[in-house]
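**Student:** Let me begin by handing over the structure; questions about it come next.
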Amino acid sequence: MGDPERPEAAGLDQDERSSSDTNESEIKSNEEPLLRKSSRRFVIFPIQYPDIWKMYKQAQASFWTAEEVDLSKDLPHWNKLKADEKYFISHILAFFAASDGIVNENLVERFSQEVQVPEARCFYGFQILIENVHSEMYSLLIDTYIRDPKKREFLFNAIETMPYVKKKADWALRWIADRKSTFGERVVAFAAVEGVFFSGSFAAIFWLKKRGLMPGLTFSNELISRDEGLHCDFACLMFQYLVNKPSEERVREIIVDAVKIEQEFLTEALPVGLIGMNCILMKQYIEFVADRLLVELGFSKVFQAENPFDFMENISLEGKTNFFEKRVSEYQRFAVMAETTDNVFTLDADF
């Protein structure tokens, strides 16, 4: 007889429970076109989901690298900032540096394995790539501004060293580990991570741009917020394709939970007052962004909040077409968004 206290014995029960959960999950997956296994997943053409493919091409057209961001003018600005401003910016960067890795963990561990549609897999693959660029960019910014190795190490380990960053990270990580939640619930949760958890921090950095500070930081923020806007739009598109969507009540519960955590983060734990922003208006802005996300998911607003920051008009979640028609800082890869017929090669030109 095996000892019931031994890990192996406990593991069998856990495996059995896990197997039961997996069977239920597989039954639900077969009802979802996005999750249904098919040999079609190995071949991209012919395109079955043109709107999903179009978003993949938008992501591709917007590719950039950390080396393309000029940080040479930032240090003189950084050295003139007040201690509170330096504290706020460095801690925001620490949060961001950790967060992109968590988003990627979800894409690698869950979404890329669950979704069977090749067009969506292409998008997720490219999202993983650009999230790595974001993470590198934030790490490079910390490396550039923070000269003290101990402070730098503290910031790079934000999930362990900063309780308020850990709280946000734990919320996201819990969704990755949750084997009972539906795919739809997790799509909403990670739309909240990229649409709500990032929104206030993006706004804080755009506030610095309004003041004419830190051109390298604010330019990278434009590029990253544009990317995250597309990722959030993509999550909403995937949600629209689901047959078994979570209820409006459940979706609201997930998003309102994220709003509370983000409001606490930027008005209590790391208050935007440190850089001269109004904490009450920041709370309102986070509610405004959450309402926009709910509408894009196909539901009604919860907060009925107006956008209190005029400088964020083109950066809000409404940016689905705005972002890409505006072409932030003219950063779009040439010809990627052109129709295939526009790129025909011929030999009949006169030389």
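Backbone N, Cα and C define each Cβ position, glycine as well.
Copying in the features that Swiss-Prot gives for the protein in this structure:
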REGION    1-32  region 'Disordered'
BINDING   Asp100, Glu131, His134  Fe cation 1 binding site
BINDING   Glu131, Glu194, Glu228, His231  Fe cation 2 binding site
ACT_SITE  Tyr138  active site
**Student:** At the Cα level, what's the spacing in Å between Tyr138 (active site) and Asp100 (Fe cation 1 binding site), rounded?
**Tutor:** 9
**Student:** So for Glu194 (Fe cation 2 binding site), how many other CB atoms are inside 10 Å of its CB?
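**Tutor:** Around Glu194 (Fe cation 2 binding site), other Cβ atoms within 10 Å: 26.
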**Student:** CB neighbours of the residue listed as 'active site' within 10 A?
**Tutor:** 25
**Student:** Show, in sequence order, which residues other than Glu131, Glu194, Glu228, His231 on the same chain lie with their Cβ within 8 Å of the centre of the Cβ atoms of the Fe cation 2 site.
**Tutor:** Asp100, Val103, Gln127, Ile130, His134, Phe198, Asp227, Leu230, Cys232
**Student:** Starting from the Cβ of His134 (Fe cation 1 binding site), draw a 10 Å sphere and report how many other Cβ atoms land inside it.
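**Tutor:** Result for His134 (Fe cation 1 binding site): 23 other Cβ atoms within 10 Å.
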**Student:** Could you check what DSSP calls Glu228 (Fe cation 2 binding site) once collapsed to helix, strand or coil?
**Tutor:** helix
**Student:** Would you please pick out, from the binding-site residues Glu131, Glu228, the one with the fewest other Cβ atoms within 10 Å of its Cβ?
**Tutor:** Glu131
**Student:** What are the other residues, in sequence order, whose C-beta lies within 8 angstroms of the center of the C-beta atoms of Asp100, Glu131, His134 at the Fe cation 1 site?
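**Tutor:** Not counting the recorded site residues, we get Ser99, Gly101, Val103, Asn104, Ile130, Asn132, Val133, Ser135, Tyr138, Ile224.
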**Student:** Between Glu131 (Fe cation 1 binding site) and Glu194 (Fe cation 2 binding site), what is the CA-CA distance rounded to a whole number of Å?
**Tutor:** 11
